[in-house]
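First the structure, in the form of structure tokens, and then the observations on it.
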């Protein structure tokens, strides 16, 4: 009789613990559904199918793929991004209460960087990610001080282009610019310049690195007509 009583006492809490599990699963399911709803507009924009639940084995394989892709400096696509909600390694990177980019935003961002070379990306300022290329200006409008500085960098870039290509373009105006924190700042500047000999106006794209105590034009090109196919390939590296 004593043994029966002990067994009953032991079984009761176990049954109670088991009873709590469905509620936790229900809450987890609700969070996943909410995340999927937030991702929906971005997944639709890049043509991604509805996300399917992955097995533990698939998740482990994806984590390994992510590790090697990060090591090789390759962009991560949507199928390789794993849940990092409990990972606090990068907490110091996040200013204020800005949330991380969603998976769909992340794949859209990398798609735009790959297609445009970093010159044409959406404004994701409602979220945060370390090392991301950001659009300059408020609502696309760059303030006068920044525009003046960007104009000076653009003139240096077009001077380099004229020297290398034996052309005679004159800087006209800054169209737009993006910026990325590196060892200093990397500017992705889109600007217009006029061919003095033909009065033809072309749109140029230049990457200008402002380091500590120096400014370097790292690349410049005429903006490709079909930028989605050319991406970084047309960037003429400056020696």
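Numbers run from 1 along the shown chain.
A Cβ is built for glycine as well, from the same backbone N, Cα and C atoms used for every other residue.
Per TrEMBL, the features are:
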- 1-92: region 'Disordered' (REGION)
- 14-32: compositional bias 'Basic and acidic residues' (COMPBIAS)
- 40-72: compositional bias 'Basic and acidic residues' (COMPBIAS)
- 76-92: compositional bias 'Acidic residues' (COMPBIAS)
- 145-209: domain 'Cystatin' (DOMAIN)
Whole-number mean of pLDDT values that fall within the domain 'Cystatin' (145-209): 96
Number of helical, extended and coil residues in the domain 'Cystatin' (145-209), per DSSP: 21 helix, 35 strand, 9 coil
